[in-house]
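Trainee: Sharing a structure here in structure tokens format.
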Amino acid sequence: MPGALSATSSRSLGTSRDGHSQPPWPPLPWINFSCCPAAVTASPGAFPSCPAAVPQPGAFLAGCDRRAGSGPVLSGEAAPLSGPALTPLPGRATTAPRRPRGPGCGAAAGGDEYERRYSGAFPPQLRARLRDAARGMFVFGYDSYMEHAFPRDELDPLHCRGRGPDRRDPSNLNINDVLGNYSLTLIDALDTLAVMGNSSEFQKAVKLVIDTVSFDKDSTVQVFEATIRVLGSLLSAHIIITDTKQPFGDMTIKDYDNELLHLAHDLAVRLLPAFENTKTGIPYPRVNLKKGVPPDSHNETCTAGAGSLLVEFGILSRLLGDSTFEWVARRAVKALWSLRSNHTGLLGNVVNIQTGHWVGKQSGLGAGSDSFYEYLLKSYILFGEKEDLEMFNAAYRNIQNHLRRGREACNEGEGDPPLYVNVNMYTGQLMNTWIDSLQAFFPGLQVLIGDVEDAICLHAFYYAIWKRYGALPERYNWQLQAPDVPFYPLRPELVESTYLLYQATKNPFYLHVGMDILQSLEKYTKAKCGYATLHHVVEKTKEDRMESFFLSETCKYLYLLFDEENPLHKSGNKFMFTTEGHIVSVDGRFRTSLWEDILPGEEESADRAKPAELKAANFSSNCNRVPDERRYLLPLKSNYMRQIDRMVGLI
């Protein structure tokens, strides 16, 4: 199809230690926490003075879609496509500096349509209005939930009523994996209230949680969803309340006695049975909060679901001084890592927890895999365990070698735009021609490690899809230039990457992107009582569901994109986003183990790597000095933007 990404391309490379072609990959840069939330310095030559900020299935395994969505996400193994396999990419060249252009020059006569629309300074007054609009979006959704749905888990925005677990149909995993009859949306939204500076409502919401929430429920929930949405938010709110600096204003609670931490502990204890009686150490996907693992529980789980628990479980362990929770989460990560292919170094997306056999052999960056890679890096940032960094570096190198397609450099050269595809974990062969919306998180992760140039290209591809539909379809077929799964459940991943790329580059292009997203959400998803899932991104029909991550992430990242003066952006405030968008402080409390337990596969030895120290050299006062040639020009040359727009059928 004209304009579609070609399925074949090749280029020569060197050879890796295992006989595979791979480029030399530089070590991860030292983390710089001084400019943005847990920032890192950019790759040499990319954005020389620029900060880079942190943010984060098998047959009907609902929840292996990173946030369980409004419909099943399948991964059934497909036959490899015909045609020669694509070879990995060599190291990418650095983009040559372009002629600087001052504020407003993008609108000057003579520029092409992309420069006229996106280049130049962004009016401060417009940015302030958009910040207020993002806050208003959150307030409308939150107030509607509190009025029409609380204490139930979610809001049905079309009928203005609450939603809880589907007791009549236990097999309805898209609902029951997420909803546990514990006021999910209220809990998930706590730290967004703090980030927006609403101390009175934050304090009121925390007291409601303390007074009304109990996990002593006959509810079977997915371990992953309960961890990232509920456990993570309780820990985040506890950290905010007990922070002596109180950067968001007075978020303290009178007579607070660590009640949120106690609730988090109670929930985590109820999740622990999932880690018992598995031969691999990989947890069961679901647990009943009263009874433990259901007798009919499946032995299959997805990589992201089992391997993305370490941040929340690790924080809890270090706050309590009890290694149990981090121990089981870290054991699961190591078990999954040990099952990677000897040939490619890749992991599949669905595994049998008893046999270690890969049921789903697809390796990609979307549903079933995404946050596994995210948490390898974020666990290192938070806890300083060097083994986490080593696993991430190896995983990222293998992703570049086997999943990345297209030209070598984002902003230079000939060929297709860079894109990350789904491949067979053992052979590296292309398995299908779709990508899913969850993969839109990956540019944000690339920003975190300093690979900003490549992040720019992948982000531009997802933004082009958004421009075409006013939303991101759950699956998009890049060969057919059409959605494979057309619903959009208000996901935050594109907004997240947009925010992080803006923090890294300060390029007003990303403010324009955020404005487009905000306007589309208002136009197509606003309902009588909140914001609704789009059932079909082409027809713009709605579903009666507002998932909790809309308030915990989508609204939060939009607000932060336009809120220049937010405390998260101030030097000296060091925060990291979890995969559910919850903020946690990056400080010494979490980089010191309070126990001497031996983790699986380790021997008691003085040689065990100690948590890495944060070096004073990482703190710079020059992080916000972004060269004008990168700040006011398009981040991606207009001819490449046009190529991507053509590739998704926009032109």
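Here the Cβ of each residue, glycine as well, is placed from N, Cα and C on the backbone.
Annotations in TrEMBL come from automatic prediction, not curation.
According to TrEMBL, the protein carries these features:
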- Glu225: active site, proton donor (ACT_SITE)
- Asp370: active site (ACT_SITE)
- Glu474: active site, proton donor (ACT_SITE)
- Glu493: active site (ACT_SITE)
- Thr579: Ca(2+) binding site (BINDING)
- 1-15: compositional bias 'Polar residues' (COMPBIAS)
- 84-97: compositional bias 'Low complexity' (COMPBIAS)
Trainee: I'd like the Cβ neighbour count for Glu493 (active site), meaning other Cβ atoms within 10 Å of its Cβ, all protein chains included.
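Mentor: I count 28 other Cβ atoms within 10 Å of it.
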Trainee: For Glu225 (active site, proton donor), which DSSP three-state class applies?
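Mentor: Glu225 (active site, proton donor) sits in a helix per DSSP.
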Trainee: Tell me, how many other CB atoms lie within 10 A of the CB of Thr579 (Ca(2+) binding site), whichever protein chain they belong to?
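Mentor: If we count other Cβ atoms within 10 Å of Thr579 (Ca(2+) binding site), we arrive at 28.
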Trainee: Give me the CA-CA distance between Glu474 (active site, proton donor) and Glu493 (active site), in Å, as a whole number.
Mentor: 11
Trainee: Quick one: give me the count of other CB atoms within 10 A of the CB of Glu225 (active site, proton donor).
Mentor: 24
Trainee: For a quick check of packing: other C-beta atoms within 10 Å of the C-beta of Glu474 (active site, proton donor), how many?
Mentor: 26
Trainee: For a quick check of packing: other C-beta atoms within 10 Å of the C-beta of Asp370 (active site), how many?
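Mentor: For Asp370 (active site), the count of other Cβ atoms within 10 Å is 28.
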Trainee: Please report how many Å separate the Cα atom of Asp370 (active site) from that of Glu493 (active site), as a whole number.
Mentor: 11
Trainee: Glu493 (active site) to Glu225 (active site, proton donor): how many Å between their Cα atoms?
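Mentor: If we compare the Cα positions of Glu493 (active site) and Glu225 (active site, proton donor), the gap is 16 Å.
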Trainee: Do you know offhand how many angstrom separate the residue listed as 'Ca(2+) binding site' and Glu225 (active site, proton donor) by C-alpha?
Mentor: 11
